[in-house]
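Asks: The following feature annotations were taken from TrEMBL:
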- A:SER54, A:SER55, A:ALA56, A:SER84, A:ASP102, A:SER192, A:GLY193, A:THR194: phosphate binding site (BINDING)
- A:39-338: domain 'PBP' (DOMAIN)
- A:1-24: signal peptide (SIGNAL)
Amino acid sequence: MNTKRAGSLTALLAAGAIVLSGCAANETATDSPEPGATSDAPSTLSGTLVGAGSSAVGAAQTAWIADFQMQNPDVTVTYDPTGSGAGRETFQGGGSDFAGTDRAFNDEEIAAGGFQACAPDSGIVQLPLYISPIAIIFNVEGVETLNMTPEVVAGIFAEEITNWSDPAIAELNEGVELPDAAITPVHRSDDSGTTENFTDYLFQAAPDVWTFEPDGVWPLESGEAAQGTSGVVDAVTNGTNTIGYADASRAGGLGTVAVEVAGEFVPFSPEAAAAIVDASEFVEGRPDFDLSIDLNRDPETAAYPVVLVAYLVGCETYADPAKAELVKAYFTYMASEEGQANAAENAGAAPISSTLFDRVTAAIDVIG
Amino acid sequence: MTAPTEAPRPAAVDTVERRGDKTFSRLAVGAGTAILIALAAVAIFLVAQSLPAIVAPAGSFRGTEGDFWQYVAPLAFGTVWAAALALIMAVPIAVGIALFISHYAPRKLAQPLGYIIDLLAAVPSVVYGLWGITVLAPATVPLYEWLAENAGWFPLFAGPASGTGRTVLTVAIVLAVMVLPIITALTREVFVQTPTLNQEAAYALGATWWEMVRMAVFPYARSGIISASMLGLGRALGETMAVAMVLSPSAIISFAVIQSENPSTIAANIALNFPESAGIQVNALIATGLVLFVITLIVNSLARYIVNRHERSLESR
């Protein structure tokens with residue numbers, strides 16, 4: 001009995017050893033790239049780059065990282081989609097080399113300084129590299145698109161317009177048959193950048209109706225709430241006569257709203273979303289490499305104003321020069337046409353315009 | 001599940017201490033201490049991280065104008081409310097199933113049924129959440145609309161009914177399904193242990209089957225049922241994922257169970273808001289965790305007290 005048990009123990013140990021060595025063998029294989037597997041110009045970069053932050057950028061980061069690591073086989077990039085707030089804190093505390101965030105660091109945060117990954121007295125580089133249109137989605141049988149003014153959108157979400165047959169909606173949509181049914185507006189139940197950008201749009205474009213300050217937490221107690229983009233899309237899809245807002249890449253199959261901008265009704269499109277950034281001003285009083293944008297949600301030209309702009313944030317000067325080289329290469333890739341096309345394909349982002357591209361390139365050159 | 005009674009200590013006959021005895025006793029003491037240390041560490045962490053939020057002035061939290069207590073009140077209410085609703089639904093059904101398995105079902109059926117119930121306990125809560133949003137919530141919409149129309153005068157069913165079915169009642173149903181296996185498994189164990197002598201005695205007095213169950217099984221199992229319910233309640237209070245996924249929350253205190261606006265629960269609120277929180281908001285969330293800790297402690301102590309009192313009254317008979 002005893003010997004038998006000892007025997008089985010040994011067998012177990014042996015099996016474990018084999019499994020473990022299997023792992024190790026595997027790892028060395030991936031660590032050292034096979035010659036000829038990479039592109040024509042072999043990359044000389046190597047090292048690890050750690051990023052954290054906005055979950056909105058998560059899908060784009062996954063696509064970017066895969067592509068970037070393919071081109072630079074000795075570089076490992078990780079991105080932890082912990083959320084914007086956590087991402088900013090991690091970056092400030094030196095836990096990551098770059099941050100992804102739904103809003104740029106503001107003046108107070110920059111003045112407070114203490115960015116641990118950066119050299120002392122270094123500024124921070126903030127680049128709007130991820131522009132994502134937010135679609136206003138609805139589920140009303142037989143209706144695929146609706147025209148709405150910002151006031152109507154705000155009225156619906158503030159629950160002042162409560163019925164689909166309300167004349168305020170009907171007069172903008174002649175010929176569309178709207179049901180005489182209650183509207184169920186759906187908002188995010190979690191703290192999110194999408195909500196912050198959506199409420200910012202309502203606050204800027206319809207200040208008379210929407211009197212709440214923009215915030216990542218929904219300011220009203222009324223209305224239906226659901227967790228995450230998937231939750232909202234799910235609630236709108238499964239519910240009846242619902243309306244909500246979600247990342248445009250997830251709007252498939254649902255009706256979407258064309259919002260009134262400068263007298264025109266603009267449906268969401270990547271081009272129209274990218275145009276809003278060009279129609280806006282950069283935040284004043286920041287250095288040239290800080291491209292924080294003061295989004296103008298009520299522009300003169302017909303651009304799509306309901307967008308989420310996420311920033312990639314790095315140091316002007318890194319404490320570790322090796323990191324600077326890596327960050328520079330990664331940021332350059334993300335801003336490139338190739339990188340932006342990758343994000344558009346995999347995450348539904350709107351590629352940045354050539355005007356913005358020039359500014360971004362100049363800013364990346366500063367990193368050292 | 002009854003209160004742990006002290007095991008009778010073996011008489012010290014053999015004074016020779018063997019190495020195995022020593023090792024084992026040290027391991028046991030170590031295990032006992034580890035749980036205390038872990039609990040203390042959690043408590044210290046919660047209190048230390050909560051203090052800044054508890055003393056913070058009114059208006060420093062998102063979603064409320066008031067101070068921390070006003071922030072946590074709807075959450076604490078929602079936590080207890082959802083768990084209580086779940087328990088009201090789950091306990092009678094669980095006792096019924098347990099009784100069916102232990103006393104009514106033919107042996108051939110009882111065993112597989114027991115396995116199925118145990119299987120329910122092994123399903124991860126995120127799967128219950130998915131089931132809740134994709135199947136249960138849409139299915140309840142017509143029922144809620146009917147309730148709002150026909151029973152709307154009753155405060156619980158006040159309209160307007162939710163258009164998506166993601167209400168606190170739906171959450172309570174999901175929670176009830178989740179706690180059902182725990183309560184069932186434990187009560188079944190207790191029912192099975194009812195002394196045969198008591199049951200035979202009841203029959204001898206001319207009791208029918210139902211009277212026997214009422215006279216012999218229930219009194220014997222009462223403290224077990226209470227303990228089982230409290231364990232279920234503990235799980236319902238702390239359930240995070242399923243609630244976060246299914247519920248349509250807002251910061252209100254409301255007894256209406258079929259509306260779009262429902263009080264959220266502490267655990268779900270932490271899960272929903274932690275990723276994007278920073279600074280004092282993180283402290284506030286941890287402080288709500290402390291409140292949940294205290295609520296759970298109170299519930300457990302209360303259960304223990306009820307069980308003890310019941311056992312004493314049994315003994316004194």
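Positions of Cβ are set from backbone N, Cα and C atoms, glycine also.
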Asks: Using DSSP with the three-state reduction, classify A:GLY193 (phosphate binding site) as helix, strand or coil.
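Replies: Reduced to three states, the DSSP call for A:GLY193 (phosphate binding site) is helix.
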Asks: Given a separation of at least six residues and a C-beta threshold under 8 Å, show me what packs close to A:SER84 (phosphate binding site) in the same chain.
Replies: A:GLY53, A:SER54, A:SER55, A:ALA56, A:GLY100, A:THR101, A:ASP102, A:ARG103, A:GLY193, A:ALA310
Asks: Between any two of A:SER54, A:SER55, A:ALA56, A:SER84, A:ASP102, A:SER192, A:GLY193, A:THR194, the residues recorded as binding phosphate, what is the biggest Cα to Cα distance in Å?
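Replies: This binding site's residues have a maximal Cα-Cα distance of 11 Å.
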Asks: I'd like to know which binding-site residues lie near chain B: of A:SER54, A:ALA56, A:THR194, which have a CB under 8 A from one of its CB atoms?
Replies: none
Asks: Count the other Cβ atoms sitting within 10 Å of the Cβ of A:SER55 (phosphate binding site), across every protein chain shown.
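Replies: A:SER55 (phosphate binding site) is surrounded by 25 other Cβ atoms within 10 Å.
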Asks: For A:SER54, A:SER192, A:THR194, listed as binding-site residues, tell me which one has the smallest number of other Cβ atoms within 10 Å.
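Replies: If we count Cβ atoms within 10 Å for the binding-site residues A:SER54, A:SER192, A:THR194, the smallest count is at A:THR194.
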Asks: Please give the average pLDDT for the domain 'PBP' (A:39-338) in this predicted model.
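Replies: PLDDT averaged over the stretch: 89.
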Asks: Rank the binding-site residues A:ALA56, A:ASP102, A:GLY193 by the number of other Cβ atoms within 10 Å of each Cβ, and give the residue at the low end.
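Replies: Relative to the other binding-site residues in A:ALA56, A:ASP102, A:GLY193, A:GLY193 has the fewest Cβ atoms within 10 Å.
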